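In what follows, a single structure is set out as structure tokens and then discussed.
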Amino acid sequence: MTAKTAPKTYHVKSFGCQMNVYDGERMGELMAAQGLTATDDANAADLVVLNTCHIREKATEKVYSDIGRLRKHGANPMIAVAGCVAQAEGEEIAHRAKVDIVVGPQAYHNLPDLVAKATRGELGLDTDMPVLSKFGALPARRKVGPSAFLTVQEGCDKFCTYCVVPYTRGAEISRPWQALVDEAKSLVDAGAKEITLLGQNVNAWSDGDRDLGALIRELDRIPGLARIRYTTSHPNDMTQGLIDAHRDVEKLMPFLHLPVQSGSDRVLKAMNRSHSRDSYLRILDRVRAVRPDIALSGDFIVGFPGETEEEFADTLSLIDAVGYSLAFSFKYSPRPGTPAATMDGQIAPAVMDDRLQRLQAALNRDQAAFNATTVGRTCDVLIERPGKLPGQMLGKSPWLQSVHLMTAAQIGDIVEVEIVRADPNSLSGIETIRAAA
Ligand code: SAH
Ligand code: SF4
Ligand code: F3S
């Protein structure tokens, strides 16, 4: 490799989950702290950080097409591959795609050193996994939007047989209590009204005998913080303390994303999910008992190896039983190095397409039905951005629905709204005139 001039501008593009987006923000802050200027145009940046995702084949492929595009249209930028593809493929990707830097999700605090290396013409490679030292080495949070992410837990020890996350993110680890309380306060100081606590298994977070419910109760005390959310949870880590927080903490929004993947016990077992259809449904009953209006969300995989039509039908009946307000569904994608990739009974693409279509029809039906139940209700909306029409703003309901409304309120304000109309993917509301106190 040849030496390059030190970059003056940077662009970070994140491809993955919310934790990947959080990492992208923190890498940006790190570059800004080094004196680089952010640019929205990847083709104009001296340094482009591609913050990749490895979860499904399509996500992984995106990075290669992006690198090709940058080479064609960009001003010969320094290219850093970060994120989960960097972790999974390591040095191989540097040779295959001729990039300057390869940095894993637990090593990006070393980005400044890696940029210096690449400037000298050496490959900047770091895929070590010292999770906690990363957080300690990052600069303070900059200005953030009204809804901010805070990673509290990383990694996964669950080893579902289809999933790469335990390999790309490493073992489960919880950030310490005080670091999180401090970061939450600095996010609120930087403009956040809502904080979403993040982790691959966020409800596995613990510090000593304190669980996520205890952390949420502590964050509840931060003045100026109006809303708390968390994602993604695993059914087996749904502690009573966390369920009770849904009963007691008003700032904790009535929304739970609890992926189930399949409604068939045979498939759940083959997936190594370590919960059954029934134990999952019982957890939802316990949550609904303390917070009857909670909106439920899930993730589903169709076409796991060996999935029969009857087993798929079990997933459809589970969906009927739950009534999700929102859901994410995927065709099974065999991932290199995972046990499921070499299992017998891989499902034909046409069968997967058909099942995904039927699954999504059921999920869309339930989402529309849930949205319809909120018409006529009055709720708080956190304003997040301007809408398409003049005077229109877009915000979120407590149940994570997008709400359009005409208002003079500004981004970050919370207004009381009467929901007057539900569309499949969003609501419309009218700002209510609060009675003068
Ligand atoms: N830790 C979270 C989810 C992480 S990945 C959990 O266990 O719920 C997000 C979603 O991607 C998963 O819930 C699953 O539905 C999907 N997913 C993961 N690996 C996949 C694969 N190999 N093929 C298709 N979908 C996959
Ligand atoms: Fe992947 Fe399963 Fe861990 Fe979720 S719990 S990250 S699906 S291995
Ligand atoms: Fe993708 Fe890594 Fe997140 S594989 S989903 S970016 S943890």
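Counting starts with 1 at the first residue shown.
Cβ coordinates come from backbone N, Cα and C, glycine included.
Source: prediction; values computed, not measured.
Feature annotation from TrEMBL assigns domain 'MTTase N-terminal' to 8-120. According to DSSP, the domain 'MTTase N-terminal' (8-120) comprises 62 helix, 22 strand, 29 coil.
Less than 8 angstroms from the CB of CYS17 ([4Fe-4S] cluster 1 binding site) sit CYS53, ILE55, THR232, each of them six or more residues away in the same chain. Annotation comment: TrEMBL describes CYS17, CYS53, CYS84 as [4Fe-4S] cluster 1 binding site.
Positions annotated as domain 'Radical SAM core' by TrEMBL: 142-369.
DSSP assigns CYS156 ([4Fe-4S] cluster 2 binding site) to coil in the three-state reduction, placing it in neither a helix nor a strand. If you look up TrEMBL, you'll see CYS156, CYS160, CYS163 marked as [4Fe-4S] cluster 2 binding site.
Confidence across the domain 'TRAM' (372-433), taken as the mean pLDDT and rounded to a whole number, stands at 96. Per TrEMBL, domain 'TRAM' is recorded for 372-433.
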### Query
How does the domain 'TRAM' (372-433) divide up by DSSP, counting helix, then strand, then coil residues?
2 helix, 33 strand, 27 coil
## Note on the structure
Result for ligand 3 contact check over binding-site residues CYS17, CYS84, CYS156, CYS160, CYS163 with Cβ cutoff under 6 A is CYS17, CYS84
### Query
With respect to ligand 2, which members of the binding-site residues CYS17, CYS53, CYS84, CYS156 satisfy a Cβ distance under 6 angstroms to one of its atoms?
CYS156
### Task
Other than CYS17, CYS53, CYS84, which residues of the same chain sit close to [4Fe-4S] cluster 1? List them in sequence order, counting a residue when its Cβ is within 8 Å of the Cβ centroid of the site.
PHE15, GLY16, MET19, ASN20, THR52, HIS54, ILE55, ALA59, GLY83, VAL165, THR168
